[in-house]
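Record features, source TrEMBL:
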BINDING   A:Asn27, A:Lys156  xanthine binding site
BINDING   A:Ala128, A:Met129, A:Gly130, A:Ala131, A:Ala132  5-phospho-alpha-D-ribose 1-diphosphate binding site
There are 2 protein chains.
Amino acid sequence: MKFLEEQIIKHGKIISKDIVKVDSFLNHQLDPYILDTISDSFVKKFSHLEPTKILTIEASGIAIAMLMGVKMGIPVIFAKKKKPSTMTESFYYSEVFSYTKKEKNGIVVSKEFLNNDDKVLIVDDFLAMGAASFGLIDIVKQSQGEVVGIGIAVEKGFQQGGKILREKGYNLHSLAIIEKIEDERIYFRDN
Amino acid sequence: MKFLEEQIIKHGKIISKDIVKVDSFLNHQLDPYILDTISDSFVKKFSHLEPTKILTIEASGIAIAMLMGVKMGIPVIFAKKKKPSTMTESFYYSEVFSYTKKEKNGIVVSKEFLNNDDKVLIVDDFLAMGAASFGLIDIVKQSQGEVVGIGIAVEKGFQQGGKILREKGYNLHSLAIIEKIEDERIYFRDN
């Protein structure tokens, strides 16, 4: 999506050869026009699959997911980040490894809100190693629902998450795929 | 707002005389129609004040805030929950006491996104003792911006947050105010 690539170039801050900060529009301040356009693009891409639920993870994913939920008329569920607890009987529970924090974190979704009839669209702002996506997929599997698609705003193409998800056959759609960051420039993959 | 009171009665689960769970539409699963209606009501209430930014706190507040941001054409900022760190020089930092967890948590907003020109509308899903609202107000004060209004979906009228905010003269608008929970019934304040 040319539009999102342009926003990343315009507003993103290159921190290192692995990191572009997009705090000013995607994950701290949220730009209404950019996020609305992102959500439109996902709605267009995934509506024909007739998802029954959108699943994301707190916090940044919620903004895009909610705009989509209203446009598609389906509920949004956000997985909560939570330490393992004894309340697991009423929750689907999975573990997500944070590569930045070098620690495992539990994520939970109440069993009430996902079941085997659900066609689930997973949405998130970022995809790098794919840890959050794998955790959300695991939760959908536990519910015996079906993952019909995965919508990602910004994929770091130089990390492995996207590659693995595509190899496993998931219907992954990333709006902007960063191929590499070099000499203060961001290179995108044609997609 | 009659509509929201009806949703709370219909979907809320009374846990104790202090707690109604609204997980099924407001803070875990997010109902697109209910949240869209809530956001419409806030837009109608606050637009004439011409806010320049909407400020909320992760995670549940983001959904309502983002729908409003798109309708009003203004950015949303969500304060991040974070332990105090050495990066405080570029952040506004405040502390929020969690009465459920009995602990203080730091919240941060990057200094980049709030300044003394800003007319800030604070939005959140719940108001009880007001800890989150006071933290967000403190952050706006540090930025020397102005709090033009506070929009809350569900206020617990039997706790002190709303009372204190009104006494201090803040333009607080709560869509549903729970007066008490008694004999498995929820009573709302006329407002």
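Each Cβ is built from the backbone N, Cα and C atoms, and glycine gets one as well.
Automatic, uncurated: that is what TrEMBL annotation is.
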**Q.** Close in space, distant in sequence - A:Ala128 (5-phospho-alpha-D-ribose 1-diphosphate binding site), Cβ under 8 Å, 6 or more apart
**A.** A:Tyr99, A:Glu155, A:Lys156, A:Gln159, A:Gly161
**Q.** Three-class DSSP secondary structure - A:Met129 (5-phospho-alpha-D-ribose 1-diphosphate binding site)
**A.** coil
Q: Would you mind reading off the Cα separation of A:Ala131 (5-phospho-alpha-D-ribose 1-diphosphate binding site) from A:Asn27 (xanthine binding site), to the nearest angstrom?
A: 18
Q: In whole Å, note down how far the CA of A:Asn27 (xanthine binding site) lies from the CA of A:Ala132 (5-phospho-alpha-D-ribose 1-diphosphate binding site).
A: 15
Q. Once near-sequence residues are set aside, which residues in the chain of A:Gly130 (5-phospho-alpha-D-ribose 1-diphosphate binding site), 6 or more away, have Cβ atoms under 8 Å from its Cβ?
A. A:Gln159, A:Gln160, A:Gly161, A:Gly162, A:Ile164, A:Leu165
(Q) Please report the Cα separation of A:Met129 (5-phospho-alpha-D-ribose 1-diphosphate binding site) and A:Asn27 (xanthine binding site) in Å, rounded to an integer. (A) 18
Q: Tell me the Cβ contacts of A:Asn27 (xanthine binding site) under 8 Å, same chain only and six or more apart in sequence, or just say none.
A: A:Ser60, A:Asp125, A:Phe126
**Q.** Cβ-centroid neighbours of 5-phospho-alpha-D-ribose 1-diphosphate site A:Ala128, A:Met129, A:Gly130, A:Ala131, A:Ala132, 8 Å, sequence order
**A.** A:Val96, A:Phe97, A:Tyr99, A:Leu127, A:Ser133, A:Phe134, A:Gln159, A:Gly161
Q) Taking the Cβ of A:Met129 (5-phospho-alpha-D-ribose 1-diphosphate binding site) as centre, how many other Cβ atoms lie within 10 Å? A) 17
Q | Number of other Cβ atoms within 10 Å of the Cβ of A:Ala131 (5-phospho-alpha-D-ribose 1-diphosphate binding site) across all protein chains | A | 18
Q) Which has the fewest other Cβ atoms within 10 Å: A:Ala132, A:Lys156, the binding-site residues listed? A) A:Lys156
